[in-house]
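Asks: As listed in TrEMBL for this protein:
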type    : residues                                                       : note
BINDING : Gly141, Glu142, Ser143, Gly144, Ala145, Gly146, Lys147, Thr148 : ATP binding site
DOMAIN  : 44-761                                                         : domain 'Myosin motor'
REGION  : 611-633                                                        : region 'Actin-binding'
REGION  : 686-708                                                        : region 'Disordered'
Amino acid sequence: MLQQVNGHSSGSDAHGGESLREDLQEFLGGEAPLHQLDDLTKVNPVTLETEFAKGTSASVLRCLQARYMADTFYTSAGCTLVALNPFKPIPQLYSPELMQEYHAAPQPQKLKPHIFTVGEQTYRNVKSLMEPVNQSIVVSGESGAGKTWTSRCLMKFYAVVAASPTSWENHKIAERIEQRILNSNPVMEAFGNACTLRNNNSSRFGKFIQLQLNRAQQMTGAAVQTYLLEKTRVACQASNERNFHIFYQICKGASADERLQWHLPEGAAFSWLPNPERTLEEDCFEVTREAMLHLGIDAPTQNNIFQALAGLLHLGNTRFADSGNEAQPCPLMDDAKCSVRTSASLLRLPEDPLLETLRIRTIRAGRQQQVFQKPCSRAECDTRRDCLAKLVYARLFDWLVSVINSSICADPGSWTTFIGLLDVYGFESFPTNSLEQLCINYANEKLQQHFVAHYLRAQQEEYTAEGLEWSTVSYQDNQTCLDLIEGSPVSICSLINEECRLNRPSSAAQLQTRIESTLAGSPCLGHDKLSREPSFIVVHYAGSVRYHTAGLVEKNKDPIPPELTRLLQQSQDPLLKVLFPADPEEKSQEEPSGQSRAPVLTVVSKFKASLEQLLQVLHSTTPHYIRCIKPNSQGQAQMFHQEEVLSQLEACGLVETIHISAAGFPIRVSHRNFLKRYELLRRLRPGAAPSPHGPPPDEGRSGWSPHSEQATLQALLQDILHTLPALAQAPAEAMPAPVHCGRTKVFMTDSTLELLERGRAQVLEQCARSIQGGWRRHWGRKQERQRRAAVLIQAAVRSWLTRKHIQRLHAAATVIKRAWQEWRIRMAFLASKELDGVEEQRSSQVTCSPSSSPLPQAQTRLLGAVTRFWPLGLVLANAAVGAHGFRRKLVVFACLPLPVGSPSSYTVQTAQEQAGVTSIRALPQGSIKFHCRKSPLRYADICPEPSPNSVTGFNQILLERHRLGHV
């Protein structure tokens, strides 16, 4: 470190410091890896500690320059995103595919810095319902830094990611809403943007776009609120600047018929249309007309709008000459008579009343409100002409905003949250600055104070209040400048308003004197002694600006003569009738009596009220900041001017932001929320006793005190924080970043939060694995029990079914057996009865014929045996190997009814020779059909296959004709 001796460093120390500085620059400030640093808080200072701030600024500049030359235009700076204007088209940087990539990423902050990162963060904050739910993005920067383009890309991003309808009809509705929201941009830019010295598409008004989301986080509509349109640009343009874009669009894009209708011939010169030869990208008339058509502005209404604008251009060519007699009105110049006639025709106004209103002033005086008419001077005629043009254009712009809101705004009950986009004019300092620049810079001062109060000052004050060991970082607080502009009781705004209320003509030199004398004690007020024009200097946060007091009071009054309004109410144009309705109440308000005259509402007062309302909305949301930086004032690509960039960084407080973000703790969590989320990390410590998860003890309970509860919380918090070293023991893991436990909150850095989340995920994974293991064991046991029960049930059912089947088989077999036995018995009975009859007949024949001789004894015994063993004969007769010869004859003799006599007298007769055989053994005539009734039993009708050797029936055995014939 350099040692100072009487304010100068010694030679050796200086030489050593230079060598050390060179070593540090070589070690830390290598330009090769600088473009890889996505966060400016990670940039190492390349100088010594005594020049820390200066060294950090140089490092930040070199990092931004390296990234800019590598076509990397977005860099994080703590809570702020730095956006460098590339000054060239880069379509792939804003493609829908890239939008979806940032939207689908689990952690968008891990991707490269981009405006889509901020957009996705705000959208996820709305989805997570983190208080405050509503989000806002403040896009700030100098004119030409790219604020309008950034807002336009953010709107496209939200239109893509916030539209996910579930049905085809909802999809069509969402597409229509998205298209209308996106179409509002070209219309508002055409009527509200202009080419200035610093920017070809400079917003000459401020706008706050409220993107409305429903409960499903789908975009249902939007609302636009505008601030301080620079309507003086219609009639007055600075050197090398242009009027609003819409005038150049209708002059360059109108068709031949429209030119003839609007009296805009080729090459026509208009005094209010400077630099028409310049061709810009914004001079696209067809885009504006198509966007207006999508917003519900039909072709006839568009024609009326463009016709009125053409009438204003012709009105600007109306020039007056000096009048030699004050009692006579100023005459028109020779080339202005045609312009007045054309303007009156386009505006559908009577020509004579138009000239009379421009050249003659109506004065009401006295209690009787007597009317006097006084011819105006040439300057007053020009002022009234300009006032008429500004009045028409301002009403037209407000009407367009109302039409846009009616087209894209959703019903109050259909949306619950919103994301706000604030795009305001940047800090301005021109060679000639007036009331417009004062209001614009005043708005930038208020937004800078909002940033300082929200982030820089609030963060440091919170560190001090929480008892953290914190070395305060000095930052540029603009409260002194704001006190000079809007403070109470006396300020620049109050003095200008007071000049407007005084019933006397205001002098520019007198206003300068009053401001310098009254506010001489303010350190932010200065004056240029060498300036010949009355002016005063205000030291803003972005630099000093000299404001001219000439015309300041008149612009603040913004007087609108009542006769101008009455003249426009006489117009036959449908659009002007809407813009200037004939309202009796309005007429009565325009002509108040002298005693009941209300205080004049000045431009400064209205702008201040709207700005306070805007800041209230911003304070009720979670703000996000995008700082747009202009690399060079020439608008050239790949050109980086360090001086201009450094002045912008210092002006917006970005250097202080980097200091506080690098040394501070951006993550702040209350003790209870921290304990609720990370208490499970205590599982990583062996032997840690689980703490109760119930609510804190009630205050009414005995033995409870806030000190005891705080001591318990502190012990639990320290127990959790002691797990950080264990979490950092992983390979290639650095030690945890500092974390401090304040009185009510825990302060930590992003790396510490990432480490805690990683440990929490690890514990949750272990718990999930344990739960999964226990569940799998329970499920396996349950499945095994169910399998065993199923096996038992199946076995029981199968056993029951088998028993039932066997029982049915037994029942069927029993029925068959009983039927067979009955049939066999019946057949045996019939056969026995028939045989008994034969024997009786034979015995009677023997008895009745005494003349016959008795049979021999052997033959008698043979016949008796045949009679007794006739069943055996039946079996042998039907056997496969049957009896032959004599045995078969015996069987036949035994079976047939032969007369008793000598064997020689017996003759064998076949069944065919016997007529009228009625025995059951007779051969059946024709086919035999068995008619059986189907049994209700399952197996009763099933008969087993007959054996080839079995006896199938008595009829088949006894009465076979062909066999009997061979006996």
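Glycine too: its Cβ is placed from the backbone N, Cα and C atoms.
In terms of burial and nearby residues, how do these features look in this structure?
Replies: Sequence-distant contacts of Ser143 (ATP binding site), defined by Cβ-Cβ distance under 8 angstroms and a gap of at least six in the same chain, are Thr196, Arg198, Asn199, Ser202, Tyr425, Gly426, Phe427, Glu428.
Summarised by DSSP class, the composition of the region 'Actin-binding' (611-633) is 9 helix, 8 strand, 6 coil.
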Asks: Hey, which bits of the same chain come close to the region 'Actin-binding' (611-633), Cβ under 8 Å, at least six residues off its ends?
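Replies: Here the qualifying positions are 64, 68, 77, 79-85, 87, 115, 118, 121-122, 125, 130, 132, 134-142, 144-147, 150, 198, 208, 225, 227, 420, 422, 426, 442-443, 446, 450-451, 454-455, 639-641, 644-645, 648-649, 652, 654.
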Asks: Least buried of the binding-site residues Gly141, Gly144, Gly146, going by other Cβ atoms within 10 Å?
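Replies: The binding-site residues Gly141, Gly144, Gly146 were compared, and Gly144 has the fewest Cβ atoms within 10 Å.
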Asks: For the ATP site (Gly141, Glu142, Ser143, Gly144, Ala145, Gly146, Lys147, Thr148), what does the 8 A shell look like? I mean other same-chain residues with CB within 8 A of the CB centroid.
Replies: Asn85, Asn199, Ser202, Gly426, Cys628, Lys630
Asks: Please average pLDDT over the region 'Actin-binding' (611-633) for the predicted structure.
Replies: 90
Asks: Give me the long-range Cβ neighbours of Thr148 (ATP binding site): same chain, 6+ apart, Cβ under 8 Å, in sequence order.
Replies: Glu189, Asn193, Asn201, Ser203, Asp423
